[in-house]
Amino acid sequence: MSALLVPDAERDTTPADVARAGLRTTRLRRRARTFATTLTLVVVAAAVAVTALMLGDYPLSATDVVRALVGLDDGPARIVVFDFRLPRVVLGILVGVAFGLAGALFQSVLRNTLASPDVIGVSQGASAGAVGALLLAGVTGFWVSVAAFAGGAAVGLLLYAVSWRGGMTGYRFVLSGIGVAYVCTSVVGYLLTRSDVQEAQAALLWMTGSVAQADWPLVTTLAVALAALVPLVVLVARGLDLLLLGDEQSAGLGLRPELTRAAVIALGVALACAATAAAGPVAFVALIAAPVARRLLGDGSLALVQSALVGVVLVTGADLVAQHLLPALLPVEFSVPVGVVTGAIGGPYLIWLMAAGRTCTS
């Protein structure tokens with residue numbers, strides 16, 4: 001009699017139905033968290049950018065900045081925004097995107113949270129190329145950026161060749177990169193000791209990482225590079241997702257693991273070299289961005305978009321602190337390079353990472 005009183009919906013419910021309902025709920029929660037995290041990062045990045053456009057020797061209100069950006073103000077505010085402040089902010093955004101994506105790609109494909117350009121030698125190779133161009137060839141500007149890109153790319157090729165032996169492993173790649181980084185650092189140190197004071201000062205300033213040299217031609221060059229590289233990142237993202245399942249499983253799904261791994265590493269190297277060529281080796285942005293993004297999402301996804309946004313917040317926020325906060329707190333009459341601030345953030349993070357033993361993402 002009691003069985004006849006049970007509603008049909010409850011009688012027809014099976015464990016499989018319950019599991020499917022739970023899976024749908026989990027997916028909805030994950031999507032909601034992803035959307036909320038992404039929106040929050042966009043808002044924070046926009047707020048930092050607008051604040052950077054407001055502050056300076058010629059203070060502007062948020063209304064002044066918005067009116068200048070949309071073309072409603074043709075007076076001094078527009079000149080200050082477009083000619084002096086906006087190139088620096090946009091360069092910081094582009095550099096943050098490039099470093100954030102590079103770090104996410106390296107750490108995902110190598111399954112190691114230490115696998116970032118400034119740890120595995122790519123940034124050091126770019127520094128060696130740039131310093132060599134500055135001190136040996138005597139070039140400046142665009143050709144320093146070209147030399148930096150070439151140096152970083154050469155290190156990337158060397159690392160892949162050295163670490164590939166019957167199949168490249170992330171552990172071997174990272175260890176090889178650390179060794180190459182020391183070699184490049186030694187080369188830079190030797191070049192600095194053989195140069196005069198003014199040349200060494202210029203080289204050291206570049207090696208610190210800064211967006212103070214921003215102008216529209218430099219911004220345009222980096223924007224074009226990212227316009228070519230980011231669509232390729234989107235194309236390899238699905239393959240990288242499958243690669244995280246393991247070589248055997250991904251090969252069974254039709255993926256060519258070694259080719260995909262090489263493509264991802266090449267894109268990571270290209271992104272890191274492009275950012276370094278534009279702003280110098282801004283320390284630890286690539287190392288921090290992806291782990292922070294994954295922690296905000298609360299899962300082990302690639303988090304490429306979120307890593308790029310975290311990179312933007314790190315670079316623009318650090319530049320805001322370096323340009324306006326530190327000069328007000330410290331006895332200096334000039335703005336500090338952004339690399340000083342990111343290094344101060346990334347150093348303790350790296351120590352914590354090693355102390356916690358969280359270097360492997362697999």
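Cβ from N, Cα, C; glycine included.
According to TrEMBL, the features are:
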type     : residues : note
TRANSMEM : 34-55    : transmembrane segment
TRANSMEM : 89-110   : transmembrane segment
TRANSMEM : 131-161  : transmembrane segment
TRANSMEM : 173-193  : transmembrane segment
TRANSMEM : 214-237  : transmembrane segment
TRANSMEM : 262-290  : transmembrane segment
TRANSMEM : 302-322  : transmembrane segment
TRANSMEM : 334-355  : transmembrane segment
With pairs 6 or more apart in sequence, are the transmembrane segment (334-355) and the transmembrane segment (173-193) linked by at least 3 Cβ pairs under 8 Å? no
Going along the chain, which residues at least six beyond the ends of the transmembrane segment (262-290) come within the CB cut-off of under 8 Å? 91-92, 94-96, 98-109, 113-114, 116-119, 122-124, 126-127, 130, 144-146, 148-149, 152-153, 155-156, 160, 168, 173, 206-211, 218, 221-222, 225-226, 229, 232-233, 236, 239-240, 243, 303, 307-308, 310-311, 314-315, 337-339, 342-343, 345-347, 349-350
Looking only at residues six or more beyond either end of the transmembrane segment (34-55), which have a C-beta under 8 A from one in the stretch? 61-62, 64-66, 81, 85-86, 88-89, 92-93, 293, 296-297, 305-306, 309-310, 312-313, 316-317, 319-320, 323-324
Per the Cβ filter (under 8 Å) with a sequence gap of at least 6 from its ends, the transmembrane segment (214-237) is approached by 87-88, 90-92, 94-95, 97-98, 101, 105, 142, 145, 260, 263-264, 267, 270-271, 274-275, 277-278, 302, 304
Between the transmembrane segment (89-110) and the stretches 131-161, 173-193, 302-322, work out which stretch tops the count of Cβ pairs under 8 Å. 302-322
